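*Asks:* Pulled these features from TrEMBL for this protein:
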BINDING   ARG16, GLY17, ALA18, GLY19, ARG59, ASN204, LYS205, LYS230  substrate binding site
ACT_SITE  CYS125  active site, proton acceptor
ACT_SITE  ASP194  active site, proton donor
Amino acid sequence: MTVPETAEKIKSMEIRGAGRIARTAAEALRDHALSLAAPDTAAFKKEMEQAAALLVSTRPTAVSLPNAVHYVMAGLDPSVNVDEARNGVIHRAEQFIQSSQHAVERIAGFGARHIRDGDVILTHCNSEVALGCMIEARRQGKEIEVFATEVRPRNQGHITIRTLNDAGIKTNFIVDSAVRSFINNVNLVIVGADAVTVNGAVVNKIGTSQVAHTAAEARVNVIVAAETYKFAPRTVVGELIEIEERPPNEVLPDEIARTLPNVTVRNPAFDVTPPEYIDLIVTEQGAIPPQMAYVIIREYLGWEIGEFNPGGGSPAGFNGE
Ligand SMILES: O=C(COP(=O)(O)O)[C@H](O)[C@H](O)COP(=O)(O)O
């Protein structure tokens, strides 16, 4: 897939979920590097930077995307010849994809240890790593049951219930507003993350903070499953995570909206769950309390602000191992 095709698919959410977005962006940069017929390294670098910027511009919230792009682009050494520069990008892209897959597997293993036989788990949205923990627990023979939300307006819950069904996990499908009605039937919440900030706040699908608040009130533990490349280095220097606001017609059809001139539809795709509502963040480096997010950023993403910064920034590295 070309870079513009990939960018379009990420924008339209045909490719979605923070981890998948990151790996697909790395693949697109690798393929772009492979096919570019640039006369010299400077031209190659310029084209690659344009491609990188296009990918980063597709969705603003999932930090995995700029982190992945930055990691791949850090393989481009401007002082070598064009073939070496190309190989540098390809190598870093392959490395990112592999370590991301490895991270997903490790988190499933670590997360499954926090799931006990007989647990009833609530999940919100469609997170590859959160589901990985449940599927691994089931694979280990633990009898679990899941409550999965619908996830208005894009219905990611439909993907989640299919995956759970196919894994042979007993699943209850509920509308988003039914979470509080069922929270006392549940003894664990597991969700994914699009970004984790330096203070341990978790940005995830809209509604996650309501789920976590409800869980806190009911004394139900909340686990966030998140690879280290979901942590946001630039929050160390005070940058805020941008919350994507998506088109109104995802929520209300245009033909109805047209008849309601006094009504404005608001459609934020993500929200922020404060660290007080989170018991544990399970990363591929192990489980941490949210308050230790800073350590993950420092140890695994580097101090130099690891996100892709078009035209500048030093190449700090995500270290997936
Ligand atoms: O909020 C979402 C997806 O939102 P969207 O559908 O808008 O992309 C997921 O919970 C995280 O991205 C984590 O997913 P994963 O664990 O698969 O990276």
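Positions of Cβ are set from backbone N, Cα and C atoms, glycine also.
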*Asks:* Identify all same-chain residues not among ARG16, GLY17, ALA18, GLY19, ARG59, ASN204, LYS205, LYS230 whose C-beta atom falls within 8 angstroms of the centroid of the substrate site's C-beta atoms; report them in sequence order.
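*Replies:* Everything else in range on the chain: ARG20, ILE21, THR61, ALA62, SER64, CYS125, SER127, GLY192, ALA193, ASP194.
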*Asks:* Fill in the CA-CA distance, ARG16 (substrate binding site) to the residue listed as 'active site, proton donor', as an integer in Å.
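*Replies:* The residue listed as 'active site, proton donor' has its Cα 11 Å from the Cα of ARG16 (substrate binding site).
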*Asks:* May I ask for the distance between CYS125 (active site, proton acceptor) and LYS230 (substrate binding site), taken between their Cα atoms and rounded to an integer number of Å?
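*Replies:* Spelling it out, the Cα of CYS125 (active site, proton acceptor) and the Cα of LYS230 (substrate binding site) are 16 Å apart.
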*Asks:* Which binding-site residues among GLY17, ALA18, LYS205, LYS230 have CB under 6 Å of ligand 1?
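*Replies:* Going through GLY17, ALA18, LYS205, LYS230 in sequence order, those close to ligand 1 turn out to be GLY17, ALA18, LYS205.
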*Asks:* Determine, to the nearest whole angstrom, how far the Cα atom of ASN204 (substrate binding site) is from the Cα atom of ASP194 (active site, proton donor).
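*Replies:* Checking the Cα atoms of ASN204 (substrate binding site) and ASP194 (active site, proton donor) gives a distance of 5 Å.
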*Asks:* So among GLY19, ARG59, LYS230, all listed as binding-site residues, which is physically nearest to ASP194 (active site, proton donor)? Use the C-alpha atoms.
*Replies:* LYS230
*Asks:* Among ARG16, GLY17, ALA18, GLY19, ARG59, ASN204, LYS205, LYS230, the annotated substrate contacts, find the widest CA pair distance and round it to a whole Å.
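*Replies:* In whole numbers, the farthest two Cα atoms are 14 Å apart.
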*Asks:* Looking only at DSSP and grouping its letters into three states, which state does LYS205 (substrate binding site) belong to?
*Replies:* strand
*Asks:* ARG16, LYS205, LYS230: which of these binding-site residues has the sparsest Cβ neighbourhood within 10 Å?
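*Replies:* Least crowded of the binding-site residues ARG16, LYS205, LYS230, by Cβ count within 10 Å, is ARG16.
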*Asks:* For the binding-site residues GLY17, GLY19, which one has its C-beta crowded by the most other C-beta atoms within 10 angstroms?
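*Replies:* Going through GLY17, GLY19 one by one, the largest Cβ count within 10 Å is at GLY19.
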*Asks:* Per DSSP, to which secondary structure element type does LYS230 (substrate binding site) belong, with helix, strand and coil as the options?
*Replies:* helix
*Asks:* Can you check which residues sit near ALA18 (substrate binding site), meaning Cβ under 8 Å from its Cβ, same chain, 6 or more apart in sequence, and list them in order?
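*Replies:* Same-chain residues close to ALA18 (substrate binding site) (Cβ under 8 Å, separated by 6 or more) are ALA62, VAL63, SER64, LEU65, GLY192, ALA193, ASP194, ALA195, LYS230.
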*Asks:* Please identify, from the recorded positions CYS125, ASP194, ASN204, the residue with the sparsest Cβ neighbourhood, meaning fewest other Cβ atoms within 10 angstroms.
*Replies:* CYS125
